[in-house]
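Have a look at the structure below, then the notes.
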Amino acid sequence: SPLAPGLLAPGLLPPSLLVLLVFAKEDSQNNGFCWACEKANFRCNVARTPEAALECFKEKHHDLVIIDHRHSRYFDAESLCREVLLIHFYLNGFVDLFGVCCCRPDREEASVMPLIKSGFNRRYVENANMMACYNELLQLERGEVLAQFKLRACNAIFTALEQSQEAIEITNEDQVIQYVNPAYESIMGYQQGELIGKEITEVPKSEKNKPDLLETINSCIRKGKEWQGIYYAKKKNGDSVQQNVKITPVIGQGGKHKDRRKGSLDVRSTTSRGSDGSSQRRHSSMARIHSMTIEAPITKVINIINAAQESSPMPVAEALDRVLEILRTTELYSPQLGTKEEDPHTNDLVGGLMTDGLRRLSGNEYIFAAKQPHLPSHLAMPLSLNDIPPHVAQTMENEDSWDFDIFNLETACLKRPLTYLGLKIFSRFGVCEFLSCPEATLRSWLQGIEANYHSTNSYHNSSHAADVLHATAYFLCKERVKQSLEQIDEVAALIAATVHDVDHPGRTNSFLCNAGSELAILYNDTAVLESHHAALAFQITTRDDKCNIFRNMERNEYRTLRQAIIDMVLATEMTKHFEHVNKFVNSINKPLAALEENGSVKGILTSPDNRILVKRMLIKCADISNPCRPLELCIEWAGRISEEYFAQTDEEKRQSLPVVMPVFDRNTCSIPKSQISFIDYFITDMFDAWDAFADLPNLMQHLDNNFKYWKGLDERKLHSLRPPPE
Ligand code: AMP
Ligand code: ZN
């Protein structure tokens with residue numbers, strides 16, 4: 001069984017043991033062990049015959065088996081033990097089961113050898129005293145059983161080493177190689193057998209390293225410190241490869257060991273500290289960006305070229321500049337997600353949000369009811385910025401603050417927050433003037449769009465759109481963003497945010513593809529929802545002059561605006577998440593950080609390609625900014641998205657469709673765990689990058705705070721949104 005390495009830490013015990021008692025008759029000895037199990041909190045089964053014992057063992061696979069060896073007339077304890085062990089061996093491939101036999105006192109003098117030969121590892125001399133039974137169990141648990149668990153944990157860790165894509169080498173304290181993993185073999189070109197048992201000094205070294213490097217490393221290790229840095233290793237074929245190597249001394253019972261990791265270019269930046277707190281924090285965000293955990297191959301390639309440029313002559317460095325240029329603008333950015341994530345929450349989120357469902361195609365048919373876009377029932381209702389009801393206007397007073405409470409507005413305006421907030425924000429940004437459109441048209445348009453959001457969705461309703469619009473407007477006011485974008489970009493961003501999830505059915509792309517929905521058929525299982533949101537937005541807008549906000553635009557300008565809106569709505573698709581984030585980091589964060597000293601950043605900020613990247617990142621961050629909102633708002637959003645996922649799982653079960661995200665089952669889901677995974681996997685790196693660009697200390701503070709909140713609940717093993725009342 002896979003066990004957490006934490007098990008190896010002293011003081012930690014494996015989960016409650018499962019014990020099998022094989023006693024032909026219920027007597028005081030049998031009862032003593034039953035009681036002891038109960039007191040020790042072990043689960044326990046009792047079998048009266050060898051057949052029942054084997055049956056039960058096959059099914060439950062106990063950690064500890066206690067067999068009554070006192071009366072040979074009932075059954076042959078030794079052959080039963082052998083059979084149990086055999087089953088255990090077939091199930092696990094190794095013999096580590098713990099068997100205890102219970103003997104009569106008059107056998108105490110006899111040798112234990114026959115028992116050991118049959119597979120028992122311990123003899124317990126008949127003693128029905130409950131405390132004696134209990135003590136025996138406790139000693140077994142703390143001693144041999146725990147040792148077996150540790151061995152199994154080691155086995156799990158070695159499996160992980162074998163699967164790791166990083167090259168790992170372990171030596172003993174005399175620098176004799178004990179182990180190299182398959183990644184090491186394939187990167188370095190050696191076979192295990194050629195290395196194990198050799199001293200590392202016997203393996204050829206590259207001449208490219210500075211002469212004193214090995215001495216530096218050795219003195220570091222001798223002090224028990226870790227060493228990390230660039231090292232040239234020599235492959236078997238003689239080639240030198242530059243690697244980022246980490247060497248860690250392992251102090252343990254067996255002495256000191258070294259562990260060398262190669263292959264990953266996880267560059268730790270040593271940026272200088274600025275004088276004010278904000279620039280320090282942004283530097284640390286930058287440093288984290290450099291060590292992004294989910295690193296795409298292209299990022300590694302760019303880092304290698306950057307490092308090579310430093311020591312290259314001018315013409316080579318310039319040629320490499322052009323190489324970088326090309327690499328930055330191609331589609332090689334998605335990280336490798338083939339390997340299975342350990343954590344089921346991350347796994348399900350990645351599977352559910354980042355694939356189109358092709359992995360789990362089913363033959364089941366489920367067609368979404370085809371329907372015409374909604375016409376808002378209250379189009380005729382007069383509504384302008386001037387006649388927003390005062391109690392609604394009041395809830396929008398601090399609309400320019402990040403801590404603005406969208407749920408107050410949602411309640412005050414009877415679930416029409418998009419129209420009201422839209423009117424206010426669009427007016428603040430002069431959108432009607434830019435589009436040359438009357439305010440009445442904008443109002444009808446907002447109402448028309450809002451009417452096509454499903455108020456029955458718990459998350460993807462018009463409050464989510466209003467929330468994303470709010471975040472978008474907030475980001476647009478940040479100094480760096482203003483320097484980068486033009487007014488047409490701002491208008492595109494506000495419109496894209498407003499429409500980005502219109503007519504969302506409250507189900508994920510994977511679900512629609514699995515169900516063979518009309519939309520999935522229409523869009524070939526590719527970016528189904530996002531394509532639909534963008535297309536429907538333009539249908540709603542242009543089919544009726546009354547709400548066509550683009551009607552008075554000049555043709556070319558309309559085309560540019562339309563393209564920008566479509567690009568941003570499509571950028572909210574999660575399958576492209578890492579591509580967008582990595583492009584932003586490589587083309588914007590890193591060049592900006594490199595240039596910061598000289599101050600000439602304008603070129604980077606305003607190039608057309610980079611403006612597109614800024615807009616994509618902006619809407620993406622706005623779209624999933626709920627983990628960066630003040631705690632109460634963050635909790636409410638987490639509750640809503642979880643409920644929507646639960647409803648999808650319910651429906652998948654009802655319709656016998658594949659369950660796309662099994663952890664989102666309302667009966668078993670841990671919401672804190674799911675939020676921790678979502679933040680770890682999608683949010684942290686993205687907001688580090690966005691913060692390094694736009695400077696968002698308050699968001700990062702909330703994110704930190706919220707993450708700790710979910711961790712706190714999870715540590716208390718709570719599954720709910722909030723702790724139970726005191
Ligand atoms: P969109 O559908 O445009 O809102 O894209 C954002 C994606 O992120 C959606 O698939 C949401 O389900 C997902 N998402 C947003 N917030 C959370 C959250 N707090 N926990 C888990 N998933 C989320
Ligand atoms: Zn959204």
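Cβ from N, Cα, C; glycine included.
Unlike curated entries, TrEMBL annotations are predicted automatically.
Annotated Zn(2+) 1-binding residues in TrEMBL are HIS500, ASP501, ASP623, and among HIS464, HIS577, HIS580 the one listed with them is HIS464. Proximity of the binding-site residues (ASN461, ASP501, ASP623) to ligand 1: a Cβ under 6 Å from the molecule is found for ASP501, ASP623. Each of the binding-site residues SER462, SER463 was assessed for Cβ neighbours inside 10 Å, and the highest tally belongs to SER462. Listed binding-site residues: ASN461, SER462, SER463, GLN675. Those with a CB atom under 6 Å from ligand 2: none. Regional average pLDDT for the domain 'PDEase' (384-717) in the model is 95. Looking at SER462 (AMP binding site) and HIS500 (Zn(2+) 1 binding site), their Cα atoms lie 10 Å from each other. Least crowded of the binding-site residues (HIS460, HIS464, HIS500), judged by neighbouring Cβ atoms within 10 Å of its own Cβ: HIS460. The C-beta environment of ASN461 (AMP binding site), restricted to residues of the same chain at least 6 apart in sequence and closer than 8 Å, consists of LYS415, TYR453, HIS454, SER455.
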